[in-house]
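What Swiss-Prot records for 108, 109, 112, 114, 135, 136, 137, 138, 139, 140, 141, 142, 143 is 5-phospho-alpha-D-ribose 1-diphosphate binding site. The orotate binding site annotation in Swiss-Prot covers 139, 167.
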């Protein structure tokens with residue numbers, strides 16, 4: 001099912017929510033053309049996840065799906081600004097409705113130049129707190145790895161990275177080489193298949 005109202009999206013079975021989100025990504029976020037990725041690599045397609053993650057219905061679907069993917073005892077989700085900001089917020093908000101509260105943390109690329117000069121925005125958590133890093137799109141894996149390193153340097157335990165989309169260009173293998181578990185809701189092939197059926 002690719003057409004759900006917001007009311008239905010709140011309670012629809014997760015398999016339907018997953019198909020709905022896949023349709024949103026293929027319809028609104030996926031573009032073909034000539035692009036340069038943040039990794040510096042050229043590409044014939046681009047996924048602008050924010051065109052879905054910043055929609056109310058996209059955020060709700062993402063929050064519901066990713067919350068169910070979190071390992072046990074996870075107390076927080078985090079991600080590198082800007083792409084992960086709406087994702088961690090969506091998961092945290094849905095977690096409150098599900099009565100399984102998860103804190104959202106936002107990781108800066110550069111330390112704030114004023115005030116606390118912090119790399120990590122959000123509530124301060126106890127050392128050893130289990131945190132999962134969330135990402136919109138993974139290519140090489142280097143962007144989310146910066147978030148992992150910042151969190152570990154702050155004393156948090158990070159073992160898992162979860163992405164909405166895996167471009168299948170080495171990110172999974174990179175995370176495995178770093179001792180991290182990696183999951184993605186969709187592969188680029190999933191999105192391209194739906195895109196080409198439009």
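Backbone N, Cα and C atoms are what each Cβ position is placed from, and that goes for glycine too.
What Swiss-Prot annotates, mapped onto the structure for a quick look.
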residue : record                                              : Cβ neighbours (10 Å)
108     : 5-phospho-alpha-D-ribose 1-diphosphate binding site : 16
135     : 5-phospho-alpha-D-ribose 1-diphosphate binding site : 26
137     : 5-phospho-alpha-D-ribose 1-diphosphate binding site : 25
139     : 5-phospho-alpha-D-ribose 1-diphosphate binding site : 24
141     : 5-phospho-alpha-D-ribose 1-diphosphate binding site : 25
143     : 5-phospho-alpha-D-ribose 1-diphosphate binding site : 21
167     : orotate binding site                                : 23
DSSP three-state assignment for residue 143 (5-phospho-alpha-D-ribose 1-diphosphate binding site): helix
Integer Cα-Cα distance in angstrom, residue 143 (5-phospho-alpha-D-ribose 1-diphosphate binding site) to residue 167 (orotate binding site): 13
Pairwise Cα distance for residue 139 (5-phospho-alpha-D-ribose 1-diphosphate binding site)/residue 167 (orotate binding site) [Å, integer]: 5
